[in-house]
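Taken from TrEMBL as is:
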DISULFID  C9-C81  disulfide bond
DOMAIN    9-135  domain 'NtA'
Amino acid sequence: TLPGASGTCPERALERREEEANVVLTGTVEEILNVDPVQHTYSCKVRVWRYLKGKDVVAQESLLDGGNKVVIGGFGDPLICDNQVSTGDTRIFFVNPAPPYMWPAHKNELMLNSSLMRITLRNLEEVEFCVEDKPGIHFTPA
């Protein structure tokens, strides 16, 4: 099985995941890029639908195709539980700008910070509660 596909992967609380991510966005995977055959990691070009947090953190250089797409790296990272996508998948992404030690390979990319979330009304509400720091129903991963 794929790393993290076993269902036994420990996931941090949603509040913590949101706090540790400088950027939270919803988007659709348009293209898979930079597949590393050794590490089994890859990046994706993602059409951004909405920034839930941190739009101002995303550098102008990171925006593609008129500003509505970004490249997100870190898919396949064994330290992240749910980290696999296919073209056409729409998810909630918790990301941070790639740190300088990952340049030049990942310069101007955003990097996955924790597991992807499927887009459901409940998930969107949970993430928005965290971003707005309002007490909501506490989310426990299924």
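Using N, Cα and C of the backbone, Cβ positions are placed for all residues, glycine too.
Note that TrEMBL annotation is computational and uncurated.
Cβ neighbour counts within 10 Å, taken over all protein chains shown, single out C81 as the most crowded of the disulfide-bonded residues C9, C81.
A mean pLDDT of 92 is what the model gives for the domain 'NtA' (9-135).
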